[in-house]
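Asker: Have a look at this one before I ask anything.
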Amino acid sequence: MAACHEINYDEKIYEKPNKILLMGNPNVGKSVFFSNLTGIHVVSSNYAGTTVSYTEGTLKLGNESYTLIDVPGTYSMEATSEAEEVAVRFMNSNPIAVLCVLDATNLERNIKLGLELQKYKVPIVYALNLTDVAKRHGYEINVSLLSKELAAPVIPTVAVKNEGLNQLKDELQKVINRPKMACGNCSSCPACASNMLNTWDRAREITAKVRKKVDTKLSFLDRLGSNMLKPWPGIPIAILVILLSLGVIVGGGKALRATLLLPLVNKVLVPFFKMVFSSFVPEGTLLNVLIGEYGIFVIGFEWIIALIFPYVLLFYIVFSFLEDSGVLPRLSVLFDNIMRKMGIQGGSMITILLGYGCAVPAIIGSRAATTKKERLIISSIVCFAVPCISQTGALISLFAGFSPVLLILMILLSLSIMMIVSSVLSRLLKGTVDPMVIEIPNLLMPNGKAYGKKLMLRMKGFLLDAEVPMLISIVIAALLKETGLLAQIAVYLEPIVSGWLGLPKDAVIALILGIVRREMAVAPLLAIEGLTALQAFVGGTVALLYLPCLSVFGILTKEFSVKVALTIACSTTITAFVVAGLINQLAHLFM
């Protein structure tokens, strides 16, 4: 079994016996090692800030079982950041061994951390990962000499291919069972304080000794990766990547929905369950909740399977590919100047893009930001103007019966609100935004096995985290309809819904359900007959800018405070009604 915990975790983790720490810089493949060594799959990506929590699992070495802890990636042990403080505390918690992952393509920086770990006098085994990529770049590394310089075992590995992992486990078992030797202030031991006065110099010296550059021809991917960091041809390539991604998600999602999923729901699933429940459930409230207008087995299938699922699946297929291939960090570099005008650095673009999948991991991922000001701006942008993929799928379905211009206008509105919110907050909030420091990984084709595991993990997370609240929302809608409460609420909200927003009174259910899940502020609009293009756009605007769903409110409270969560919730709600209402009123004024 494994458990994933936030950084504010239970102190008991430090007291666990027989624990082995998995450590290293961000973006060296620690999560892949963890998955392969424990059989537990976690989301791993090749950019800093992916692992914002620790993960623990069981590692079997021979007949013994140990707790393997994937510590958040860190560049040093100086405790100048939250991740570094966590790493230091773990190293001071008496682990029995450390597995330190070194990136063979960035050897000097990785060796520097490896040397810092040695001062804790804990047995260490080094995994020299990405040796295949280093070789492709023309680097030859003398592994035996590196092992001698570090005075510890060094095992060459390619984690995504499972190469070297058995040897790694053998060496871990050896260092754990080896008697500890007393260590004095000896000239040959790199762990002694007198030999670690300047770890950078020592790391540079070791790198020069063990690494040799040989002539090699750069591959197509290496040349492409380098060119994508330059304005030309990087920006045109980035625009092409974005357009292709949108085409796959929007076009593919609509095709899946129209040709496969809607016929499956309307012609197979819904008729089948209507026949089944009608045969033994008497007419009344229960039957209507099951197969009525807002029935779990009617709307539940249509909204979840045909409305949301195809877009979520295609989004994660595309996003995971861009992650694992190394494209996303390159986009961050190219758009750094634009992002700085929004008060955040280019590296935060990845976190915002993650918000198009779900706001919760995006807000957690904002921990990678170096200042609280930037964290607040990122989280506010995600809450105000970044629709999650479920909401995006619902909006695409809503606009499908109208002109594509509506979808384009909604995208432009989202970007405009994003710019306005970031500009206002960058002026209101005190503090500065640090310069962008981001590691650019190698551009490569994703490993099929690791890519498939990540996709399955994310879809599993969607089914558990999103579908259950959606089903609850559908039950609420059915009960409100059956008890007549929906009609009563509609009367009270009619001045806002029908007057200011110009929406049909039945749209009130969208506002109620949107509190639970944001996409549920869109889905009920699909069932309203005679909806005009203007009403669809106004309803979509309300949904886009509406208050965060309950899970987002909870994570805002946890990451910041109740005050921040309430401020964002109130601000988004007011903005939603003001902007949508103005669009409706101005449209009627000029049309």
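Quick reminder: no glycine exception, Cβ is built from N, Cα and C everywhere.
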Asker: From the ranges 232-252, 484-504, pick the one that TrEMBL records as transmembrane segment.
Answerer: 232-252
Asker: If we skip the immediate neighbours and take only residues 6+ beyond the ends of the transmembrane segment (232-252), which ones have a Cβ under 8 Å from one of its Cβ atoms?
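Answerer: The answer is 310-311, 314-315, 317-318, 322, 327, 330-331, 334-335, 392, 396, 407.
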Asker: If you count every Cβ pair below 8 Å, which range out of 303-322, 342-364, 405-426, 562-583 shares the most with the transmembrane segment (462-480)?
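Answerer: Answer, by Cβ pair count: 303-322.
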Asker: Check the transmembrane segment (562-583) against each of 303-322, 342-364, 405-426 and return whichever range has the most CB pairs under 8 Å.
Answerer: 405-426
Asker: Please indicate, using numbers and ranges, the residues of the same chain that are 6 or more beyond the transmembrane segment (303-322) and have a C-beta under 8 Å from a C-beta there.
Answerer: 241, 245, 248-250, 252-253, 256-257, 261-262, 264-265, 269, 328, 353-354, 356-357, 389-390, 392-394, 396-397, 446, 451, 454-455, 458-459, 462, 466-467, 470-471, 474, 519-520, 523, 526
